[in-house]
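Please read the structure below before turning to the comments.
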Amino acid sequence: MDVERPKSVAFLCSIRVAVAFVGFLGMIAHYSQKISVGIALVCMVNHTAINIGKNSIAMPLTQADIYCPRLNNTIKIEGPYPWTKNVQGLVLGGYFWGYLITEVPGGYLAGRYGARFIFGGAMIIAGAFSVVMPWGASIHWGILWFLRLVVGLAHGVIWPSMAVIMSHWAPPSERGKLVGFMNAGAQIGNVLTLSIGGLMCSWSFAGGWPLIYYSTGIMGLVWGIFWILFYADSPRDQRCISVQEKEYILDTIQQQLSNHSKNEFQAPWKAILTSRACWALFIVHTCNNWGTYTFLTSIPKYMAEVLRFDIKSNGLLSSLPYLLFWLNINISGFLADMLLRKQTLSRTNIRKLFNVLGNLLPALFVIGLAFMTCKIKYYAVALLTIGVTFTGCCYGGGFMLTANDIAPAYAGIIFGISNTFATLPGIISPYIVGALTEKDPNNWRYVFFICAAVYIIGMVVFLVIGSGEVQPWALQNTADKTIPEEVPLSEEAAATRSSKNFNEH
């Protein structure tokens, strides 16, 4: 009977995959709102008015001015707002100030009360405030900054909620696939917003660029309502799940989550904040996000100012790296799970391998970007695309899974702390990009050098002190107090015993 049960536990047509798919759609809505201002600013700002104000200042000629002068027939969209690059940097960074504040509280609340209303409510609030952003911008850039701050406050709870969702729904042997697939929605959100947003800018309907905010806001509102109606915080509470699948999921995760009831949830704060494994996660996450946020907020500006693409081409080409990023997340998640099932490498070495791929290779390609000009702009697009693509290794098989690996019962809180640190680049990077390129656009090369150096720092730290194994302090409240170093083996044994034929081995 125990042998028969796993045969009926399907994967593709399962509720756990449905949860991951709806979460995937939620991440599309989340990142569509998150990145909307990056592409919209290119169309909102009146560059001619800014340049007229600088006529009295001798500005250095850029390589783009010399080799790729703008033609009279070039399509160039001018917006209504004469916002300087410093103001643009502040507007871009406003979101991350809010995002920073709610990471840890969001992880605690999702861990204690569940992610159903936390995640769904966050998207409803963010959607409502996104819809009114064109109105806020028409009054003053400070109002737009405040509205982005509120959206950031709402969005701050999302990634910790994702960690909690997967700690209850993803069996260890499927964690790479399910977590990778759900997280990959973020990159599809980038692709859709950058590509369609670039087209919307050129439309005359409703002013063009306001449509970016309207569409992403409404998407979040609709998704948030659906999530609250669909999701259950545990397989025990899901109405549509089969008995076989419910028992399979609960059997494979109960060792990690036993005795951590929502009412008794107490995080070992001292152990978390003094853990080498946690700090390795915090540092590599922060360093990797420096590159991610630099590109996320500044790719459209780089495409327009340095490579001289018009807004339609800008949006489509800016989205290309994230399309391949999404593909790589799913591939790396599949490969990481395969290496784990076959015991080719330990869980720790798998995480280290994928973090090397997701940091070292982007660093090398980013250095190459520093030497690109508009005369070879398609080579620059290729380097940018390949570099961003390899970052996906961290999401499918690297540090994005580490919180669930080292302390599944406290994954939401640990990821909340990690993402708090990792949000700082979102505040600092846009301002540094603006400050470096405001007076001399040739300084884009220094932006890329800084990115490469930060990537390398994160990679080295995780190689030295990173871990993918359950930490002893993460078991202090569990019923199963096995010897810590045996946990990974017993976890795999439990997963294998409950899914003997599931993975076709």
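Note: Cβ is positioned from N, Cα and C throughout, glycine not excepted.
Now, the feature entries from TrEMBL:
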TRANSMEM  9-29  transmembrane segment
DOMAIN    18-470  domain 'Major facilitator superfamily (MFS) profile'
TRANSMEM  117-137  transmembrane segment
TRANSMEM  143-166  transmembrane segment
TRANSMEM  178-205  transmembrane segment
TRANSMEM  211-232  transmembrane segment
TRANSMEM  319-340  transmembrane segment
TRANSMEM  352-372  transmembrane segment
TRANSMEM  378-402  transmembrane segment
TRANSMEM  409-432  transmembrane segment
TRANSMEM  444-465  transmembrane segment
Check: Which one, 9-29, 143-166, 444-465, has the most C-beta pairs under 8 Å toward the transmembrane segment (409-432)?
Finding: 143-166
Check: By Cβ distance under 8 Å, which residues at least 6 away from the ends of the transmembrane segment (444-465) in the same chain are close to it?
Finding: 276-277, 279-281, 283-288, 290-291, 294, 298, 302, 305-306, 351-352, 355-356, 359-360, 362-364, 366-367, 369-371, 399, 425, 432-433, 436-437
Note to self: Do any residues, 6 or more residues outside the transmembrane segment (143-166), come within under 8 Å Cβ-to-Cβ of it, and if so which ones?
What the structure shows: 19, 23, 26-27, 30, 33-34, 37, 90-91, 94-107, 109-111, 114-115, 118-119, 121-123, 125-126, 129-130, 132-133, 136-137, 175, 178-179, 182-183, 231, 403-404, 411-416, 419, 423
Next item on the list: State the mean pLDDT for the domain 'Major facilitator superfamily (MFS) profile' (18-470).
Entry: 83
